[in-house]
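Worksheet: the structure to be examined is printed underneath.
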Ligand SMILES: NC(=O)C1=CN([C@@H]2O[C@H](COP(=O)(O)OP(=O)(O)OC[C@H]3O[C@@H](n4cnc5c(N)ncnc54)[C@H](O)[C@@H]3O)[C@@H](O)[C@H]2O)C=CC1
Ligand SMILES: O=C([O-])CC(=O)C(=O)O
């Protein structure tokens with residue numbers, strides 16, 4: 001057994017954390033032989049609820065959990081953590097776009113960036129889930145200058161999983177057979193789900209999804225809009241935003257940071273843009289990445305279809321607008 005690592009989950013009394021904590025506690029994220037000390041951060045009015053969550057984690061009777069630290073104090077929550085799931089933030093309601101949460105949520109990520117900077121391990125890997133996730137990740141890293149900016153990533157894995165599931169359903173295959181779906185840009189309605197580099201294994205090795213589907217119109221239209229609007233569709237039905245699927249995606253994302261991507265496969269995540277594929281620089285833009293030794297690399301040389309190009313431009317523009325608004329909110 002390795003020695004335990006400290007892992008913080010913020011918004012620990014909320015609905016995503018409720019599912020995420022189970023995955024972390026049973027070893028799905030950091031490995032079946034990696035003990036964890038769980039730091040659970042929420043706000044003071046939620047401490048009683050958080051106490052109930054702690055009782056349930058104890059009652060799971062999972063041996064990988066060596067200690068639980070529930071707190072409303074960021075200085076305690078972020079102390080010596082090696083992995084951070086920043087989930088705690090207001091969720092959107094029906095009729096809102098995720099960027100409508102910006103003014104309410106972005107300051108949380110400023111404060112938590114400052115706390116990470118002071119108290120976390122410098123190698124900490126930070127996954128931002130709270131919306132608007134890309135811009136919150138950018139803000140968090142700006143206020144944590146002593147931690148490499150590459151250590152901050154934003155979650156578009158739920159969109160990727162949604163895209164894979166849509167394709168699997170369409171092809172009537174198991175979702176595990178579909179790989180390499182890309183999400184470009186912002187985790188918002190402007191995101192660009194792209195299956196042009198995706199593969200499906202129909203029994204004799206991976207082949208292009210485009211060839212297997214033989215339906216370009218669906219990939220150019222309904223596929224994109226279904227994935228873009230899936231979060232809103234769940235809210236319309238559940239009156240609350242996606243939770244178990246978001247938690248699973250957060251676990252998948254951190255799992256791949258920790259253990260790397262499989263040969264020949266890439267995953268999508270919001271990372272600091274270097275301008276690849278014409279994206280604006282210095283925003284957190286979702287790209288296809290491979291991961292090795294806990295470091296991501298943007299996959300280069302993929303074909304972007306002409307019909308995707310204006311969409312990539314629009315999602316980049318939205319991220320620049322969000323960045324300008326976030327700086328305004330944080331500095332005034
Ligand atoms: N990136 C993605 O794909 C997804 C992102 N989300 C976002 O994740 C966030 C959380 O969603 P839920 O868990 O459903 O919300 P929730 O409302 O159930 O839980 C949020 C928790 O965060 C806590 N919180 C608020 N401010 C905090 C602070 N400063 N420090 C620590 N905790 C704080 C709240 O008290 C609450 O317990 C929302 O912003 C939601 O929009 C949700 C689904 C997918
Ligand atoms: O739609 C929302 O507000 C929650 C979310 O980010 C998602 O489900 O993708």
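A Cβ is built for glycine as well, from the same backbone N, Cα and C atoms used for every other residue.
The active site, proton acceptor annotation in TrEMBL covers 187. Taken from TrEMBL, the feature NAD(+) binding site applies to 42, 105, 129, 130, 131. Annotated substrate binding site per TrEMBL: 92, 98, 131, 162, in sequence order. The annotation domain 'Lactate/malate dehydrogenase N-terminal' is assigned in TrEMBL to 6-152. Annotated domain 'Lactate/malate dehydrogenase C-terminal' per TrEMBL: 156-328, in sequence order.
Everything TrEMBL records as a feature, shown here on the structure.
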residue: 42; record: NAD(+) binding site; contacts (Cβ under 8 Å, 6+ apart): 10, 11, 12, 13, 14, 49, 50, 70, 72, 88
residue: 92; record: substrate binding site; contacts (Cβ under 8 Å, 6+ apart): 98, 100, 101, 131, 235, 241
residue: 105; record: NAD(+) binding site; contacts (Cβ under 8 Å, 6+ apart): 89, 90, 130, 131, 132, 136
residue: 129; record: NAD(+) binding site; contacts (Cβ under 8 Å, 6+ apart): 16, 85, 86, 87, 89, 155, 246, 250
residue: 162; record: substrate binding site; contacts (Cβ under 8 Å, 6+ apart): 193, 226, 227, 230, 245
residue: 187; record: active site, proton acceptor; contacts (Cβ under 8 Å, 6+ apart): 98, 131, 132, 133, 134, 154, 155, 156, 159, 270, 286
What binding-site residues in 129, 131, 162 place CB under 6 Å from ligand 2?
131
Which of 98, 130, 131, all binding-site residues, has a Cβ with the fewest other Cβ atoms inside 10 Å:
98
Measure between the Cα atoms of every pair in 92, 98, 131, 162, the residues the record assigns to substrate, and report the largest value in Å, rounded to a whole number.
19
Within the domain 'Lactate/malate dehydrogenase N-terminal' (6-152), how many residues are helix, strand or coil going by DSSP?
67 helix, 27 strand, 53 coil
Take the domain 'Lactate/malate dehydrogenase N-terminal' (6-152) and average the pLDDT across it for me.
97
